[in-house]
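K.L.:
Pasting the feature list from Swiss-Prot:
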SIGNAL    1-19  signal peptide
CARBOHYD  Asn115  N-linked glycosylation site
REGION    194-396  region 'Disordered'
COMPBIAS  194-222  compositional bias 'Basic and acidic residues'
COMPBIAS  231-272  compositional bias 'Basic and acidic residues'
COMPBIAS  324-351  compositional bias 'Basic and acidic residues'
COMPBIAS  352-364  compositional bias 'Acidic residues'
COMPBIAS  372-382  compositional bias 'Basic and acidic residues'
COMPBIAS  383-396  compositional bias 'Acidic residues'
DOMAIN    497-592  domain 'MRH'
DISULFID  Cys499-Cys512  disulfide bond
DISULFID  Cys549-Cys578  disulfide bond
DISULFID  Cys563-Cys590  disulfide bond
Amino acid sequence: MGLHAILLLLLLRISASAAASRPPLDTLGIPPQDEAYFRGGVIRCRDGSGRFARDKLNDDFCDCPDGTDEPGTSACPEGKFYCQNAGHSPITIFSSRVNDGICDCCDGSDEYDSNVTCKNTCWEAGKAARDKLKKKVATYKSGVVIRNQEIQKAKVAFAKDEAELAKLKGEEKILQGLVDKLTEQKKLIEKAEEEERLRKEKEEKRMKEEAEKQAADEKKASDASQEVDSQENHETVQEDESKVAEHHDGHATSHDNHTPESESSVEQHDPESQDDISIKAAPADESPPEETSAAPTKEQESTPADSEGLSREELGRLVASRWTGEKVDEVSKDDKNEHEAEHDMPEHSEETHEDESDVPESAEDSYAGYHSEVEDDRHKYDDEDFSHESDDEYVDDHDEHVASYKSDDDQKGDDHSDFTASGQASWLDKIQQTVQNVLRTFNFFKTPVDLSEASRVRKEYDDASSKLSKIQSRISTLTDKLKHDFGKEKEFYYFYDQCFESKEGKYVYKVCPFKKASQVEGHSTTSLGRWDKFEESYRVMQFSNGDRCWNGPDRSLKVRLRCGLNNELNGVDEPSRCEYVAVLSTPALCDEQKLKELEQKLKASSNQRDHDEL
């Protein structure tokens with residue numbers, strides 16, 4: 001009897017304990033944060049489809065299509081059941097699993113009205129989770145300290161970069177003005193040098209043409225001299241042959257045709273002819289040409305080579321003309337005709353006597369023509385002399401012009417003193433002062449250009465341009481850097497100049513925040529995208545528009561951030577084709593608000609154990 005009583009007491013105690021652990025029926029399956037929604041007398045369906053009274057809550061009849069009225073039963077297919085799982089992690093299951101004979105909740109709350117008794121295993125199952133949570137809380141505590149330090153450094157660095165950018169922009173403006181001035185002066189120098197070059201080319205061309213002309217004249221004179229020498233040699237031979245022939249013909253004529261009439265005719269003719277010759281030759285002897293030359297003139301070159309049949313006077317006149325420069329072409333021709341007439345006298349005596357009276361007149365005409373041609377030649381040589389003198393005068397004048405080409409500035413001394421920058425001046429002040437000194441010193445109107453001064457201007461221009469280029473490059477880098485969003489507290493500022501790598505199998509993945517992400521295999525690199533933006537409140541980094549997959553989309557990468565004491569990239573995967581994911585641990589995600597939430601969760605799980613034990 002006593003034994004039965006003891007067993008009955010044990011059963012009653014177990015039943016009471018089970019009833020105590022099970023939540024009230026009206027709140028069964030409702031999350032703690034939603035309990036206030038079900039406190040009213042009339043409750044609205046969450047989808048707005050209708051209303052139901054509080055006494056119909058969990059009555060095992062579905063009044064709302066979305067299962068709002070049956071969170072603790074399996075009456076509604078769309079209903080959800082909340083497992084509190086005290087001492088472990090709470091979960092939500094479909095209402096269809098309630099009282100199905102399978103323990104889905106570690107606290108057994110889902111099988112409250114079934115033939116199965118579920119043991120509460122939440123504390124044992126949650127031990128590993130609690131240990132993990134404790135470690136996570138400790139990591140967050142250390143990470144928050146590191147994050148705060150990094151934020152302070154980032155703010156200082158960001159402000160420093162902003163100040164540097166502002167300073168560089170000011171220096172760029174000043175330096176740009178100096179470069180513009182030097183550019184303008186450099187153009188003036190180049191213009192002056194170009195003018196000087198053209199002047200020299202023109203002068204060299206003129207001198208070359210004069211040299212070529214002089215060489216041509218000398219060659220022409222040389223050819224003419226050779227031709228005259230050859231002509232003289234030929235004429236000398238002909239003259240000797242003519243003398244011999246004349247002597248022979250004279251004897252033959254005297255022997256065959258000697259008559260008194262012819263003798264008297266010849267005697268009358270010779271004195272008169274001689275007198276006429278002396279009369280006409282006298283003016284030429286009294287006024288010889290101003291300039292004589294051993295070299296024959298052009299008119300002498302054109303003298304007929306055939307001198308046969310000339311008299312001694314004619315031959316003498318021919319020889320004399322070579323030394324005096326007198327023209328004897330027409331005289332020789334007239335004398336030759338006269339000589340032939342004399343030879344014809346025996347056959348035509350009457351005509352000869354009639355012609356004798358005309359001989360002096362003919363001689364006068366001939367000599368008059370000779371005299372006129374000599375005068376013409378004289379004037380011709382005078383003109384040639386004048387032409388040579390004009391050329392000489394032109395050369396002298398031109399040389400004088402070239403010698404006086406320098407401007408008056410060549411005679412002036414450089415009274416500008418050299419500038420020495422103060423040791424306390426900055427590099428920009430030194431450049432400004434040096435450029436101003438150069439611009440004051442250099443004379444841009446001097447011709448020819450002073451090469452040393454021109455080189456100095458060019459050197460200052462090159463130096464200033466080089467510094468300006470470096471400043472502009474730095475400005476571009478800082479501007480591109482500062483335009484990015486580095487988080488609410490600049491916590492990601494130090495990510496800009498860093499890259500994080502992870503080796504997964506045969507690939508090496510490289511992520512460079514704010515720039516690009518890539519997949520490296522040996523010497524081959526595949527782009528996984530360029531920087532796009534932050535997502536989910538700075539918890540995800542998005543890289544887009546990478547290399548296109550074969551018959552697929554462009555590659556992309558999402559990097560999920562989590563709290564960690566070091567910056568480490570891991571967990572790279574490709575869940576969908578050409579869409580990659582990765583995890584990056586960093587102190588930047590260890591924020592204080594999240595730390596407080598974790599501490600409360602850990603405390604709640606510990607308090608639940610104490611409550612259960614009680």
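Just so you know, glycine gets a Cβ as well, placed from its N, Cα and C.
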K.L.:
For Cys499 (disulfide bond), which residues in the same chain are close in space, meaning a Cβ under 8 Å from its Cβ, but six or more apart along the sequence?
P.N.:
Lys510, Val511, Cys512, Lys515
K.L.:
Please report the Cα separation of Cys563 (disulfide bond) and Cys578 (disulfide bond) in Å, rounded to an integer.
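P.N.:
Approximately 27 Å lies between the Cα of Cys563 (disulfide bond) and that of Cys578 (disulfide bond).
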K.L.:
C-alpha of Asn115 (N-linked glycosylation site) to C-alpha of Cys549 (disulfide bond): distance in Å?
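P.N.:
Just about 56 Å between their Cα atoms.
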K.L.:
Just checking, which of Cys512, Cys549, Cys563, Cys578, Cys590 (disulfide-bonded residues) has the fewest C-beta atoms within 10 Å of its C-beta?
P.N.:
Cys549
K.L.:
For the domain 'MRH' (497-592), what is the mean per-residue pLDDT, to the nearest integer?
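P.N.:
Mean pLDDT for the domain 'MRH' (497-592): 94.
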K.L.:
Quick one: what's DSSP say for Cys512 (disulfide bond), helix, strand or coil?
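P.N.:
In three-state terms, Cys512 (disulfide bond) counts as strand.
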K.L.:
In whole Å, how far does the CA atom of Cys578 (disulfide bond) lie from that of Cys590 (disulfide bond)?
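P.N.:
Cα-Cα, rounded: 30 Å.
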K.L.:
In the three-state scheme derived from DSSP, which category covers Cys563 (disulfide bond)?
P.N.:
strand
K.L.:
Please list, for the compositional bias 'Basic and acidic residues' (194-222), how many residues fall into helix, strand and coil according to DSSP.
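P.N.:
Across the compositional bias 'Basic and acidic residues' (194-222), DSSP assigns the residues as follows: 29 helix, 0 strand, 0 coil.
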K.L.:
Between Cys549 (disulfide bond) and Cys590 (disulfide bond), how far is it from one CA atom to the other, in Å?
P.N.:
36
